């Protein structure tokens, strides 16, 4: 495949997105809307960086996160962000999305509970508006908050798990991997598992985390985020293989975050050759200026995947969602209905 027809194939391909941080997924267009609401904030200097898109340096990407926190401090902001992000994923052909975000209190008076309620309201409004995407939510534990904040997040997740009509499905463990240790979070994560919540844990994002990774694999998690350096330990690889734990792989994020030096060296190839379950994801589509169609295209070009290989990756990803068996069956039916039209652009 080449040219516009190829790009159209990846756009038309129905896709599953399972590793998308809400704040990191905010697009340039949405950031400009938010900044226009807050003229009192001295962040106009950030406009140049925001407009750079794919040319942003890693440091500028980190600066973007700081600006995002400044301009998303009210319920109105969170509602706008949630709806815009969902609609952008839908426009890119994503049919099932698990968003994740850390509930936070803001100086503007937003509580953690209200934060989650607002995200769920955004999901509901998109559904009412007929946006063609099924969206669920994972509450994220930020490592920087330590075990106390983690316990609060688990309690919130348990409450919403019971009351949200299957919108809240689980928890994410993320944040700066150099802060704290996995053992700090074993108790709240175990409690979450016992409550029926699913666990998606960022593991082995940096080298020399073998001990922590092995500890957290003992839970075990239902999915692994990134897992960039899992392959440095044959013992860890065997544990992951034996338990068939799906990985969430984010190619552009790893390249821009400089944890992987080139597309060819990305661990996609390692796990693909093992026929191990994984799903392609964006991580932070706004900050890293990508989308899921682009991630599939990069993987296909780098690892010589045919359109049928690409289709299989997308279809198999349905099994790695945290959705119910009924939802998975409905998604598979939807994929098969769409398949003939999708492959018209693959020829």
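Cβ from N, Cα, C; glycine included.
Summary of the site annotation: Swiss-Prot records Zn(2+) binding at 19, 21, 283. Screening the candidates 202, 235 against this entry identifies 202 as the one listed for that site. Taking the Cβ of residue 69 (N(6)-methyl-AMP binding site) as centre and 10 Å as the limit, one finds 12 other Cβ atoms among all the protein chains shown. Look at residue 69 (N(6)-methyl-AMP binding site): DSSP puts it in a helix.
The most densely surrounded of the recorded positions 205, 283 is 283 (count of other Cβ atoms within 10 A of its Cβ). The shortest Cα-Cα distance between residue 19 (Zn(2+) binding site) and any of the recorded positions 69, 102, 104, 205, 226 is the one to 226. Taking only the Cα positions, the spacing between residue 69 (N(6)-methyl-AMP binding site) and residue 205 (active site, proton donor) is 23 angstrom. The subset of recorded positions (102, 202, 205) lying with their Cα within 10 Å of the Cα of residue 226 (site 'Important for catalytic activity') consists of 202, 205, given in sequence order. The Cβ of residue 226 (site 'Important for catalytic activity') has 27 other Cβ atoms within 10 Å, all protein chains considered.
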